[in-house]
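As written in Swiss-Prot, here are the features:
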BINDING   164, 173, 301, 328, 380, 381, 382, 383, 404  substrate binding site
ACT_SITE  216  active site, proton donor
BINDING   251, 301, 328  Mg(2+) binding site
ACT_SITE  353  active site, proton acceptor
């Protein structure tokens, strides 16, 4: 007899920042329980699908009881008796029929909330894998039509700035990528060792409290300027003995410091500053070019504001061969925005965040489009995470080639990296690590 859904329940749990988030349980007719929880971001793109929050004074307005109620009273009852392997049909049913809200960029989930729909979509995917009797990553690969499983290069966010940290640093993340490793296991070793060397370098230079960690496990020393962050990474990589094997990535999150006067304020964290560090998009582009010529930078994410298509296109055409230009706030994992960016040659890599778009099916579509355009793809956590490890399987199943889920520190970050270690072990001799081919690890599917 076919295995079907017998119940769908959601509850409010807490993310790694102590904010409420949604968790969903799907019970199947064979007694199996599939559970998934959704994350939430600090620097969010204005084009992301709606994350439904309660407002009011409870939990400082961040409660999710409405989203939970939407799962329990609207989504859940509508899925009873359905086949959990029908991911695409059920995602489309939730998004287009049960919710049905649309804006210029497509299905915006304004009625039920992307957090409500996604919790169920992720749990459905886990339930579907169970019914098929295969690991989650294989089920995801099958849903996408991908034949090649690949372990991603981890991009460890080891120095935090921007909206994630209380220092003066404008740029949000400085990452290390062990592209020279021969396996994911070795990449973890390299990443952890560089992280510990970085800790001692920072402690020596800035003092003990500079090694306190931020939301994603990285350090937030009192760095005065962005170049200093790059210099610290270069030193730590050298001390660990991995020069040439471990390279650098940045997430600038430039929308956070773009002003109405169309300038970028590199001193945005100092209130009422004199404006002396405001620069034009053109000047910022040249700053990135100078960074890329001085340091082993392979990836720059969100280098400009989410509506500054012009400078995105310029930077991509000028250094896009050598450095991948990643769209996060620009694209918000939205197939329609990906399409526009492909046409305008605005960037050449997608940051994949399932909770920006709100369903597994739409996420897969954004990835397939990106791959067909010859782009790179980086799977990503959010700054407010849970112990859920779905994105580890997603990254392998879609052969993204890259994943960023924080520093090798804090359990909600390690949960994903540890799951990738398990997957690599399970694949045994068939395991392939993306390594130097992290931008195009497989043929488009």
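Yeah, the Cβs are placed from backbone N, Cα and C, and that goes for glycine too.
Feature map: annotations from Swiss-Prot on the structure.
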residue : record                       : Cβ neighbours (10 Å)
164     : substrate binding site       : 22
216     : active site, proton donor    : 29
251     : Mg(2+) binding site          : 28
301     : substrate binding site       : 28
328     : Mg(2+) binding site          : 26
353     : active site, proton acceptor : 24
380     : substrate binding site       : 29
382     : substrate binding site       : 25
404     : substrate binding site       : 29
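For residue 301 (substrate binding site), the nearest neighbour among the listed recorded positions (216, 328, 353), judged by C-alpha distance, is 328. Across the fold, the C-alpha of residue 216 (active site, proton donor) and the C-alpha of residue 164 (substrate binding site) stand 8 Å from each other.
Under the DSSP three-state reduction, residue 216 (active site, proton donor) is assigned to coil, being neither helix nor strand.
A straight line from the CA of residue 353 (active site, proton acceptor) to the CA of residue 380 (substrate binding site) spans 5 Å. Between the C-alpha atoms of residue 251 (Mg(2+) binding site) and residue 404 (substrate binding site), the distance comes to 11 Å. Compute the center of the Cβ atoms of 164, 173, 301, 328, 380, 381, 382, 383, 404, which mark the site for substrate; besides them, the chain residues with Cβ within 8 Å of that center are 41, 157, 172, 216, 251, 351, 353. In sequence order, 172, 173, 250, 252, 253, 300, 302, 326, 327, 329, 351, 380 are the same-chain residues whose CB sits within 8 A of the CB centroid of 251, 301, 328, the residues recorded for Mg(2+) being left out. In the three-state DSSP scheme, residue 164 (substrate binding site) falls into the helix class.
Under the three-state DSSP scheme, residue 382 (substrate binding site) falls in the coil class.
Cα-Cα distance from residue 328 (Mg(2+) binding site) to residue 382 (substrate binding site): 11 Å (rounded to the nearest whole number).
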